[in-house]
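Enquirer: The feature transit peptide is assigned by Swiss-Prot to 1-68. What Swiss-Prot lists as compositional bias 'Polar residues' is 68-81. Annotation comment: Swiss-Prot describes 68-88 as region 'Disordered'. According to Swiss-Prot, the feature active site, nucleophile maps to ASP445. Annotation comment: Swiss-Prot describes GLU482 as active site, proton donor. The annotation site 'Transition state stabilizer' is assigned in Swiss-Prot to ASP555.
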Amino acid sequence: MDSIGINRAPLGSSSSAAAVTARRGIALRPARRSVASTNRVGVATIGFGDASGLRACSEKVRRFDSVRSTTARAQNGNAGRSMTEERGCTMSDTEMPFKYSSGKAFPLGVSQVEGGLNFALFSQHASSVILCLKLPGRGTEDEKGADVVEFVLDQQKNKTGDIWHVIVEGLPASGVLYGYRVGGPQGWDQGHRFDSSTVLLDPYAKLVSGRKYFGVAEEKSSQHFGTYDFDSSPFDWGDDYRLPNLPEADLVIYEMNVRAFTADESSGLDSTSRGSYLGLIDKIPHLLELGVNAVELLPVFEYDELEFKRYPNPRDHMVNTWGYSTINFFAPMSRYASAGGGPVAASKELKQMVKELHKAGIEVILDVVYNHTNEADDAHPYMTSFRGIDNKVYYMLDLNKNAELLNFSGCGNTLNCNHPVVKELILDSLRHWVEEYHIDGFRFDLASVLCRGPDGCPLDAPPLIKEIAKDAVLSRCKIIAEPWDCGGLYLVGRFPNWDRWAEWNGKYRDDLRRFIKGDPGMKGVFATRVSGSADLYQVNERKPYHGVNFVIAHDGFTLCDLVSYNLKHNDANGEGGCDGCNDNFSWNCGVEGETNDLNVLSLRSRQMKNFHVALMISQGTPMMLMGDEYGHTRYGNNNSYGHDTCINNFQWEQLEQRRDGHFRFFSEMIKFRHSNPILRRDRFLNKNDVTWHEDCWENQESKFLAFTVHDHNSGGDIYLAFNAHDYFVDAVIPPPPHHKCWNRVVDTNLESPNDIVPEGVPFTGPKYRIAPYSSILLKAKP
């Protein structure tokens, strides 16, 4: 083992960074192309980078003053200890002895090995890599000093292929923060963005330390650093190896935001657990009462909620609460820990949340964002990790336009997903979440990006998509694609699937909205959508459940707003009304926005119920949005990603106010689906499975559809009728099956509790008078 000198480095010191740069022969990029660095503003955690920007942050966050330094380095393979003195500082050889060896290339990230910790980082184009370690502080939380160590890696001894690596002995088993300075070519037009003065986050860091409290503006400039915890005992999963493993056809998915679910004071939780993983555990009884059996969590990877505060702009008042601004693909969002607990607590509490959901029979699906990162675009560049480690590998570039970032994500950059190294990172990330956190499935944001090659062109057989489908660790996971991107690659019904991939059915959303609000010419496509969208999925030899049916998702209007607004109202977003979709297929029922008109409110209530009935009787996998069970409003904002307020937060007092009406209807309708297998077949309907009570399909003005779904086992047929006309329709009811009679279960025109009666109300008439904008459901019973 070689021993090295230890230097106390003011990692907030520009002179130190410059000295390292000079020693390694690296020329800094011209200032005109300077990448915004988190090091050059106030630092909340360590203070790597330029000391000129250091300032005091929140009292609750540790501050680190500049301390004198020298830089630890290996010297031409000498076994002795060397110390390079800077700024007149010397240290004794015994003050903080560390030893190092060359290390190994795999696994990437930090790992325990015999005798120490191995650090491994990929960078194909780097010419220098420096490992930066911030050791646990001594004394109290408010201690100003910090012990910092840097290791300059040797290209001969500490590099295998494109992997830089080193083993360090004597480090604590937890509490160390680490990052890398990476230097390399300065050819911007060749795709390089190296800046060795910036300390970068390890892409394979399993835990990330950043600001302590969610959305605290005083901490906006804090950096994010990798950390690890080899001290804690393995998490006790108990019997959680028995995952729910629900059939896809049986799922009812509830899309939700961990923070927004309990952040509001009306949740009744104390301030330490509101908006946290533990807070969600407290509300599992609500999920069970509603009847959902899978939660789809908006991103819980570490993300930057204060990305809008990097520079003055019209959005700098906003806080990203949706989480589509990924910093790291392996670490859980640390600020979802209770009481500002940090990354280690976040990991443990997320596991506890998953364990408790599984105990309740609820699967956990993660919304994952592998299409872009938080590092923005070239106009407002920001360097956290990938850009400075190897921009040319990690991002799609237009090499015909000075290596500008391609933007198929709508967020400024696009991850180069099918590059072999990036592909493996994504697969490693997915396996990590399954193995370490027992996750049941994944929904892939803007998944069409994952179907593009390094030049941005669509691939017929994307390697990443295939390998996810065929991976042995992921073989039991639900994998769901959002089959479009912001570059126009719309793959609904055409997403490469290898018999595994399900899709968000965007056509279902649009066609149901148009029929229910009364658009002409929509009856036929409405019938196709509720019967499983065979036109999209049967042709590819898939199953009905491969189509995830939804009317509402986090993007766009809530269900209440869909029936309350004709236009989006996004002024609060600071984008001049240019954000959010303009084609919402919504109808305000006669008045734009809030109203006290009882007739309008009654019509809106019927329409929300109509949408929910259609969703729950459709073949395929239904998904609903958090808050729609009580009629949550965002006041017409159809792109509310940046509001850490009641606009997004679940309003528990409103749930209580509407529990006996709106909520009861939604809950009972979900339970009706669970109790009737003919509504969730694993094959497409044939002519013996359904009877369409219709003889004028070509009539474009017809807005009425009635049909019977047959139960070949017990004769429990279900009759459904949807009237999207603005007048009454007298529907002729077909005879019930032999020895059965019809029972009315649903009439959305009736007031609660008669709008849904689970046990049914006997109906004997030959006709049923169906009110305008209403739907009915009859069940055949003995």
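Residue positions begin at 1 at the first shown residue.
Positions of Cβ are set from backbone N, Cα and C atoms, glycine also.
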Enquirer: Return only the integer: C-alpha distance in Å from ASP555 (site 'Transition state stabilizer') to ASP445 (active site, nucleophile).
Expert: 11
Enquirer: If you skip the near sequence neighbours and keep only those at least six away, which residues in the chain come within under 8 angstroms of GLU482 (active site, proton donor), Cβ to Cβ?
Expert: ARG443, PHE444, ASP445, LEU446, ALA447, SER448, GLU503, TRP504
Enquirer: Counting all other Cβ atoms within 10 Å across every protein chain shown, which of the recorded positions ASP445, ASP555 scores highest?
Expert: ASP445
